[in-house]
Each structure stands twice: as structure tokens, then as C-alpha cells.
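Peer 1: The domain 'Peptidase M12A' annotation in TrEMBL covers 86-292. The Zn(2+) binding site feature in TrEMBL is assigned to 190, 194, 200. Sequence annotations record features per position, and here TrEMBL assigns active site to 191.
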Ligand SMILES: [Zn+2]
């Protein structure tokens, strides 16, 4: 507990120091982020403007579902909608990889300080647990993440992998409708993992061995959000992970209270946690970015960190 508070304090001081150095210069260079954005939505996903408006108007809905994008919170284009798998294949989409494992980022000045600290803590966690480095945008890098409280579509959403140029990750701060995208460390981490190239866990080809999808309980126009990919596209060396921060919760896109849309087949398994990266999320991310090394030159640092710190 005391350790956590100390960590938050250190995080706060670091953040204020970074902000002080960068703020004045960067404010002059900030691109204009409009209140309303139109992230690419694949036509196959079949989500209309009306659907999105309907979702945006719903209360008590999970903030990852609210934006009405592909599978709730991902902005995709047709080009790689057809090819996605649990993590993007860099041999198929080399341009989606963040170069040199480095992700320049900028946290919107529109956030309150306490919310900026929560976002910064999520970034620091990924920096610590992987060899990926989020670094403050200096104003010179062409590709960078802009972490922004987008007004429409609101909620928590992200592009998948590097999109090119300034790229938005939408994290809605807490308001009177709830804690939204910053209630737990896992929520901003979930969206940042999309931005790094990771998809939802339950879209794996082998998922039917592990979860039952109750089609009748899903709002009809969102049934395609529960599609899975062919085995060819989704071969993955890690085992199915109920604990993944990238797994849907049991009520995502449900028609009503108590109508579960996903039920784990393994008794006692719980899904949809948004506390922290799981051990497997951590290993998968490190593997995707080549942090684990190859035999015989394994880099045990990240194996150890994932096993100790992953949920
Ligand atoms: Zn997601």
C-alpha cells in the first residue's frame, strides 16, 4: 500500500517534470484534434452511424463497447480487417510495427492532472514490463500517439498497430456516468495494447474449446463482433488466456441484464478483467516486439518480470 503510494508520487513528480520541459514548445505545435472524429470502420463490420449513435446514447454500458467501432473499441480499415489475428503479423503488416520498439506519446492537456497521472502510470507499467519504450513526443517524430478525451465517438478506443502520423487513443476520463476508461490500470493498458498491435483474446481460432458464445444473448447487429479467425490466421504460440486484459467481459454487447454473451467452459474461470496485464499478455507483447530473444540467447529479464508482475 505504502509502496503503491510512493510509486504514484514518483510517477507524479516525473510527469510534472516532463510536462514542464515539453509543454511550452509542444503547445505551439499541437495538431488540431476535432471534437468529432471519423475513425475508419470496415464496411464488413456492418456498423452504421445510427448504431453508433444508439450505443453512445446508452447508459451503464461498458466504455469499451460504447464507441461502436470494430469489436467495440478498435478503429480498423478494410485493408487488414481481413488479415488480423490475435496480434498483428509484422511479416504481413510491417508498416504497423512501431519502429525501434519506441512509441512517442502525448497526453492531452485537456485532462485533469490526476487523470494524466493515471494514464502515465499505465505507460510506465508497459515501459517497465516490456522492452517497448513509450517516450514523450518531442514535436519532431512523425508517428506518435495522442492520448485524448475524444468527444465523439466517446469511450475507450484505439487503432491497431501504428497507423502513421499522429494517432489517437481515446480515453474518456471519469465523469458522472462512471469511472470510464481510467477506473483501473487495465483499461488504459487495454487500449495501449491495441495501439501496439494486439487484438481481443476471444477472437482466436481455437476459442470455442475455451468459451461458449451465446449468440441469442448478443444484440443482433453486433454478433459479428464475436467472429473468430481461421486457424491459419490465428496460430499463436501462447495458450488461451482467460486472464487476458484483452478478453471480453461476460456481458459485452448483451441484450439485457443477466444475459451473458460469453461463458468460460472451464469452471471457475473468470473473464474480462481490466486490472492489469496478465502473465501471458506480458509475454505475448514482449514476444511480438522481439524482447524475449531467440534460442539460445533468451532474454530472461522479461520472462521473469512477466511471471512476477503479470496477473
Ligand atoms: Zn479492445
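Yeah, the Cβs are placed from backbone N, Cα and C, and that goes for glycine too.
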Peer 1: Hey, what's the Cβ neighbour count for residue 194 (Zn(2+) binding site) at 10 Å?
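Peer 2: Result for residue 194 (Zn(2+) binding site): 24 neighbouring Cβ atoms inside 10 Å.
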Peer 1: What whole-number Å value do you get for the CA-CA distance of the residue listed as 'active site' and residue 200 (Zn(2+) binding site)?
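Peer 2: Here the two Cα atoms are 11 Å apart.
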Peer 1: Taking the recorded Zn(2+) site as 190, 194, 200, identify the other residues of that chain whose CB atom sits within 8 Å of the mean position of the site's CB atoms, giving them in sequence order.
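Peer 2: So the extra residues in range turn out to be 64, 73, 74, 158, 191, 193, 198, 199, 245, 246.
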Peer 1: How many neighbouring Cβ atoms, not counting its own, are there within 10 Å of the Cβ of the residue listed as 'active site'?
Peer 2: 26
Peer 1: The domain 'Peptidase M12A' (86-292): mean pLDDT?
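Peer 2: Taking every residue in the domain 'Peptidase M12A' (86-292) and averaging pLDDT yields 88.
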Peer 1: Among all protein chains shown, how many Cβ atoms are found within 10 Å of the Cβ of residue 190 (Zn(2+) binding site), not counting that one?
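Peer 2: Result for residue 190 (Zn(2+) binding site): 25 neighbouring Cβ atoms inside 10 Å.
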